[in-house]
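Here is what TrEMBL says about this protein:
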type	residues	note
DOMAIN	52-308	domain 'G-protein coupled receptors family 1 profile'
TRANSMEM	12-32	transmembrane segment
TRANSMEM	38-60	transmembrane segment
TRANSMEM	72-97	transmembrane segment
TRANSMEM	103-130	transmembrane segment
TRANSMEM	151-173	transmembrane segment
TRANSMEM	193-219	transmembrane segment
TRANSMEM	256-279	transmembrane segment
TRANSMEM	291-310	transmembrane segment
Amino acid sequence: KRDYFRDTEQTGNYKLVFYSSLIFLPQSYLVISPNVTYMAAELVIAFFSTTGNLLVCVAVGLNRKLRTVTNYFLVSLAVADICVGAIAIPCAILTDIGMPRHNLYLCLLMLSVLIMFTQSSIFSLLAVAVERYIAIFMPFRYQVLMTPRNAVLVILATWILAFLIGLVPLMGWHKTPPDTGYCFFVLVVDMTYMVYFNFFACVLTPLVIMFLIYAQIFVTVKHQVRRITSEQSGRGDGQIRTAASMRREMKTATSLFLVLFLFTVCWIPLHIINCFLLLCPRCYVPLELLLTAIILSHANSAVNPFLYAYTMTAFRDTFKAIFMCCRTVALNRINDFGSPLRFDSREPLLELFFVLCPQCIESLQLSGAILGLENQLLPAAHETRCVVPAVNKTQLWLLGVHNQKLNMYIFL
C-alpha cells in the first residue's frame, strides 16, 4: 500500500498535485503510474462533453426560437464545456503522467487553461442568474438592458475576465519548482492563489450570489402565482395570462437553477478537499477518492446538454429534429429506392425538420399524399416525384396548418 502522504526529509512539504484535481500529493511520490480506468473515464467524458455541447450550439444557431438572451449565455457555457472536453481533459491526462517535463511555463499554461474555462462557466451562470433577476424584478427595463448586443458584450467581458484570472500564475504568482522535471502543479503554483483567491473570491462568492438570486426569484414568483390564483372573483384574461407567464418564469428559473446546482455539486468536492489538505497537509486522502472527485468535476461539462433536453421543451424538440434530419440522411444513403419511411409528428417538430435540414427534404422522393386538416387529402406531389418548395415557402405553408397533426409518407 502506497503512502501518498509520507513526510520528506528534503523539504517537509506535501505539495505535489495532479493538474486536474488541484489536490495535494507528497513530494516523495515521484513514480508516475498511469491509471487506465481514470484515463478511460476522462476520454468518455471528453467525447460526450464535446459532442453534446456542440449540439447545444448548433440547436441555438438553427432554431430562431432558441435565440434568446438567456440561451446566448448558455451557449457561452457550452463553449467553455466544449473546451474542457477538447482541451482541458487531454491536458489532465497528460499531467496524470507528469507531462510536459522541464517546461515551467507550459505547465503553468495548462493549469491556466482549466482555471479559465471553469471561471468562464461560473461567469456565464452568473450572467444567466442576473438576466433572470432583471426579467422578474425589472420587466419594463428588460428590453432595454438585455438586448442581444448587450448580451454579446457581457459574454466577451466574462471571457476576458476569466482569461485574466487564469493567467495570474503566469504573470508571477507562482513558485520555483524543485528540479524533478515533472509537471505537478502544486510544485509551481502558490496554493494561496488557488484557495484564497481562486476558490473563495472567484468561485464561492459568485455561487453564493447566484443562490441568493434564485432564492429571491422562487419566493417572489411563488408568492405572485399564489396571490393571482387566489383572486377568484373578477378574474379576467389579463390575470390568467399573468399567472401563466409567472408559471413559465418559474419553470425556466427551475431549469436554470438545476444547471447551477449540478455545477456546484460537481466542483465543490475538489475545492473542499483542496482546502482540507491545505489546512492539514499530513492528512491522508485515498487516491481513489481524489480521482473520483476529478472525474465528477469534469463530468459536469457533459451533463448540461442532457439537462437541457430533459427540462426545456424547445431544446428537446430541436434536438429531436436534428436527429431526425441525421437519420433521414443516413437512411437516404442505405435504403433502396422506394422503401417507405413514415413520420407521424406534431407540427412544431415537423416544421423544425423542414427548417433545419432543407437539403434533406429536397433529397427525398415524396409519393402519395400528405394528410393534414381533418384527415383531408392536401394536394399531393405530381405523380411520384416532388420537389419541396424553398424553406420560407414551406414555413408559410406550415403556418396554415398550425397545431394540426401531420402524417407524412416519405419514400427514400
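Quick reminder: no glycine exception, Cβ is built from N, Cα and C everywhere.
Unlike curated records, TrEMBL annotations are generated automatically.
Long-range contacts of the transmembrane segment (193-219) within the same chain, counting only residues at least 6 positions beyond its ends with a Cβ under 8 Å from a Cβ of the stretch, are 22, 115, 118-119, 122-123, 125-126, 129-130, 132-133, 136, 165, 168-169, 173, 249-250, 253-254, 256-257, 260, 264, 267, 271, 274-275, 278. Counting residues 6+ beyond its ends, the transmembrane segment (103-130) has Cβ neighbours under 8 Å at 19-20, 70, 73-74, 76-77, 79-81, 83-84, 87-88, 91-92, 94-95, 151, 154-155, 158-159, 161-163, 165-167, 169-170, 174, 177, 183, 185, 188-189, 198, 202-203, 206-207, 209-210, 213-214, 256, 259-260, 263, 267 in the same chain. When each of 38-60, 151-173, 256-279 is scored by its Cβ pairs under 8 Å to the transmembrane segment (72-97), the top-ranked stretch turns out to be 38-60. Regional average pLDDT for the domain 'G-protein coupled receptors family 1 profile' (52-308) in the model is 87.
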